[in-house]
Amino acid sequence: MSMIDDLPPLRDVIKRHALSARKSLGQNFLLDLNLTSRIARAAGPLQDATVVEIGPGPGGLTRALLAVGAKHVIAIERDERALGALEEISDRYPGRLTIINADATDFDPRPLLGTTRAKIVANLPYNIATALLIRWLSIEPWPPWYDVMVLMFQREVAERIVARENEDAYGRLGVLSNWRAETKILFDISPAAFVPQPQVTSSVVRLIPRYNPEPCDRRSLEQVAAAAFGHRRKMLRQSLKSLPADPASLAAAAGIDPTRRAETVSISGFAAMARELASIVGSGKRL
């Protein structure tokens, strides 16, 4: 028996359903139910919550979410081999688990949610984690259909997500993440907690959507950040040359010294440059 329910231990579940982790699916199974419970609790009170989980695998986090009281869990799993294990959890928690056999990168849960706001809680497959996060942060209109995300990433990716100006990991991902959400690394998880063991430490990150982010067009923000960090060691007057505006004039119009480098510019600074760029593109003129 596990420590959170009367279902079999995860190692037994994996063996019985022949769930050897597949590298092609970015799978690393987290077997420590104390850790899965900690992740579940990090999403806040779940008693009235609908939770969307990506890549549940044998269901360790799924079980934790249900055991701590989630009203409903929507589990999106691409690997058909895991469906039997998830069905066993569904039988233990009747009416509270919906299992979707789909690829999370092109599945939209909103039709299942209706007007219900959800929480996203997941040990994301490493090979799609960043792409999924960018997708969820790029939702329009904003604010999104979720009110919190608690997600696991490789430590290096987690540091990029939460990084701010003048930090080594600051880049395009940090600009988008911190523009649209309050971000925080909650805790790390050792490779030894997984089967198979990854070669890197993992980190659990919480992202809470900002209902009123700095006003600017998202695409313009991404365009400016991509240009600026594409040549991060160069001054803005050089790195922004790929944009449809004179780079020095664009930065100056946004109140930023064009001799600065991207890594020193705050989220507000990038938003200001994005507003200037959108204005230029909209007017059909070039500064």
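One-based numbering along the chain as shown.
Using N, Cα and C of the backbone, Cβ positions are placed for all residues, glycine too.
Database features (Swiss-Prot):
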- N28, L30, G55, E77, D103, N123: S-adenosyl-L-methionine binding site (BINDING)
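What Swiss-Prot annotates, mapped onto the structure for a quick look.
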{"residue": "N28", "record": "S-adenosyl-L-methionine binding site", "DSSP class": "coil"}
{"residue": "G55", "record": "S-adenosyl-L-methionine binding site", "DSSP class": "coil"}
{"residue": "E77", "record": "S-adenosyl-L-methionine binding site", "DSSP class": "strand"}
{"residue": "D103", "record": "S-adenosyl-L-methionine binding site", "DSSP class": "coil"}
{"residue": "N123", "record": "S-adenosyl-L-methionine binding site", "DSSP class": "strand"}
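Using a 10 Å radius centred on the Cβ of N123 (S-adenosyl-L-methionine binding site) and all shown protein chains, the other Cβ atoms total 28. Least packed by the Cβ count within 10 Å, out of the binding-site residues E77, D103, is D103. Its own atom aside, the Cβ of N28 (S-adenosyl-L-methionine binding site) has 21 Cβ atoms within 10 angstroms in the protein chains shown.
Take N28, L30, G55, E77, D103, N123, the residues named in the record as contacts for S-adenosyl-L-methionine: the widest Cα to Cα gap among them comes to 20 Å. Around the Cβ of G55 (S-adenosyl-L-methionine binding site), the number of neighbouring Cβ atoms within 10 Å comes to 26.
Annotation for L30 (S-adenosyl-L-methionine binding site): spatial neighbours T36, G60, L61, N123, M152, I189, A193, F194, criterion Cβ-Cβ under 8 Å with sequence separation of six or more.
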